[in-house]
Amino acid sequence: MRSPRVRYLLLFQYLGTNYCGVMKSPAQQPGTGVQNHLENAVRKLRPVNEVSLSISSRTDTGVHALCNSAHVDIERKADKPPFSEQILTKALNFHLQTESIRVIRALRVPDTFHARFHAISRTYVYRLATGVGHHSELPLPEKNFCWPLQETGLDVRAMEEASTLLLGTHDFSSFRALNSETPFKNPVKTLLCAHVGLRQGSFSQEHFHRDLQYWEFTFKSRSFLYKQVRRMTGALVAVGRRKLSVSQLREILEARDSLAYPHNMTAPPDGLFLTNVEYTESDLLPLVQEWDMKS
């Protein structure tokens with residue numbers, strides 16, 4: 001009896017500093033994407049089918065993820081049953097141990113499941129530190145994981161007011177960077193969460209630099225445009241630094257034009273984390289396979 005081809009949803013995390021984004025990079029391009037390493041790890045399990053991951057959420061060079069997701073089909077030789085979720089997770093992590101990539105969990109899902117199109121929301125958190133006079137003052141555990149700012153205080157009320165302007169359904173054309181996919185992407189998005197908060201209890205804050213403050217900007221939506229989160233963060237920080245007024249941010253939003261966004265205001269990639277990709281439970285329920293019934 002032929003072993004069935006099984007679709008798995010992989011939940012994985014990575015530190016993006018040393019990768020040219022999550023998507024697979026061509027062989028002739030310098031640097032590798034996270035997808036390259038994940039697919040190589042799957043190939044080392046010797047499936048009989050061609051390996052191709054479908055990534056749910058694209059992240060750029062230097063951007064991190066505490067939880068991204070992808071689906072992959074794996075068909076084994078006829079005498080071998082499908083991998084269990086636990087064994088697949090351990091096996092992939094064994095082959096990824098030299099990389100800053102880890103599979104959190106593998107889930108068997110229906111063969112109609114799609115990691116990108118079935119996602120109902122994505123949550124990003126952007127981290128920044130204030131009171132950093134020079135980048136060398138940033139504690140090493142925070143290097144490449146937050147945006148260091150010299151300011152010792154931000155106008156919290158202004159940032160909170162500005163963040164409410166972004167909530168709801170808008171044409172976010174002004175907050176996207178242009179790329180080859182721009183003509184094919186609908187700029188109308190619904191922002192479910194835009195929260196600005198001072199982070200308490202940071203490890204570095206507690207033990208090393210008590211004069212630094214760490215902030216988190218949280219955004220949640222079904223999907224985002226190219227560099228939308230970094231542009232929204234940059235604009236909110238500019239409001240907090242009193243370099244942009246709330247009314248000016250409203251004008252940028254209402255312009256619905258990428259060129260209306262001020263030059264050099266986009267937040268750097270270092271502080272950005274994809275923290276969650278959400279699915280409905282019913283979409284994750286696997287179909288009963290013949291192998292399961294015989295076991």
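Glycine too: its Cβ is placed from the backbone N, Cα and C atoms.
As recorded in TrEMBL:
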type	residues	note
ACT_SITE	Asp60	active site, nucleophile
BINDING	Tyr124	substrate binding site
DOMAIN	13-117	domain 'Pseudouridine synthase I TruA alpha/beta'
DOMAIN	162-279	domain 'Pseudouridine synthase I TruA alpha/beta'
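Taking the Cα atom of each, the residue listed as 'active site, nucleophile' and the residue listed as 'substrate binding site' are about 13 angstrom apart. Each residue in the domain 'Pseudouridine synthase I TruA alpha/beta' (13-117) gets a DSSP state, and the totals come to 24 helix, 25 strand, 56 coil.
Each residue of the domain 'Pseudouridine synthase I TruA alpha/beta' (162-279) gets a DSSP state, and the totals for helix, strand and coil are 45 helix, 32 strand, 41 coil.
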